[in-house]
Ligand code: MRU
């Protein structure tokens, strides 16, 4: 199942807010529609947001009218897409890559510019699948035989261009015959674990057991988890990791139980411009996401809510970061720089 595809100058996006009940694609023809789809989380997951935004730039350039200044117009498209979600750095990485391509070709004729931007968006998309397969291959090294892996949120095919990061490791382990089962945290408030991870693993015939977020500690205490693998929205220069809210608690639980805790992420998630996790902007979302499940109110409609979408796991809790260039281990600042200092 494709997270998104490009056809007839249109971005077809799998509407993840409807999964697993309905499998439907929305047809996006303008960059504003792409921005809305990112904000409303029809598309979500760091690499998938980046790829969608790249296609959003293409739709932007296709909507250009000759009476405008192309530089100013496209900068506005860039800013609109940039202001959708603040935490996953892949969004800014993809937009910057598209902008760089634009600067390279801006003196060519309009058709050439549009073609070059479309090719760049397609490269971002297809490269991501390859990066995830590399993550999977490197990750295999840390997966013991007959492994039970616990994961949080959805860092799978649905969160990327395909294959997944954390679920890329799961898929590689499954293909190698090393996987016993996966525990998927449901991941309140928006239930990416229940709705998306459970769905995509079942589709692939992978043994998955759903648990509520507050069951993870007990499941670990029973000796049912061999390792934890999660995705990332941003990794800073010192190895701190922003990921879906609840990741931090899992990392501490894993440490207490002596369970290895791995983060899987492509190079596009690494942000060397930020010194530590304290510098990462954490998105706060609509309080109704906590007051409700789906459309149904589960709390007094006026109760105060705090709804951060992500948290930061300090590097000291992370056993290793599985990337497309290999597994990074402590000391993180030094080793991240060695692998990613060049770009
Ligand atoms: O709010 P979401 O669903 O976009 O959050 C997604 C996550 O936190 C993922 O774990 C992360 O983006 C990595 S996806 C490969």
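One-based numbering along the chain as shown.
For all residues, glycine too, the Cβ spot is worked out from N, Cα and C.
Listed in TrEMBL:
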BINDING   44, 45, 46, 85, 192, 243, 244  substrate binding site
SITE      153  site 'Transition state stabilizer'
ACT_SITE  233  active site, proton donor
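Overlay of TrEMBL feature records on the structure.
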residue: 44; record: substrate binding site; contacts (Cβ under 8 Å, 6+ apart): 16, 38, 159, 192
residue: 45; record: substrate binding site; contacts (Cβ under 8 Å, 6+ apart): 3, 88, 154, 155, 156, 158, 159, 160, 231
residue: 46; record: substrate binding site; contacts (Cβ under 8 Å, 6+ apart): 88, 89, 90, 91, 159, 231, 232, 233, 234, 265, 268, 269
residue: 85; record: substrate binding site; contacts (Cβ under 8 Å, 6+ apart): 38, 39, 49, 91, 283
residue: 153; record: site 'Transition state stabilizer'; contacts (Cβ under 8 Å, 6+ apart): 159, 185, 187, 192, 193, 197, 230, 231, 243, 244, 246, 247
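A strand conformation is recorded for residue 244 (substrate binding site) in the three-state DSSP classification. Listed in sequence order, the binding-site residues among 44, 85, 244 whose CB lies under 6 angstroms from an atom of ligand 1 come out as 44, 244.
Cβ neighbours within 10 Å of residue 243 (substrate binding site), excluding its own Cβ and spanning all shown chains: 29. Taking the mean position of the Cβ atoms of 44, 45, 46, 85, 192, 243, 244 as the substrate site, the remaining same-chain residues with a Cβ inside 8 Å of that point are 49, 88, 153, 154, 155, 159, 231, 233, 309, 310. For residue 244 (substrate binding site), the count of additional Cβ atoms within 10 Å of its Cβ stands at 27 [all protein chains shown]. Within the group of recorded positions (192, 233), the Cβ with the highest number of other Cβ atoms inside 10 Å belongs to 233.
DSSP gives the residue listed as 'active site, proton donor' a coil state; it is part of no helix or strand. Overall, the recorded substrate-binding residues 44, 45, 46, 85, 192, 243, 244 cover a maximum inter-Cα distance of 17 Å.
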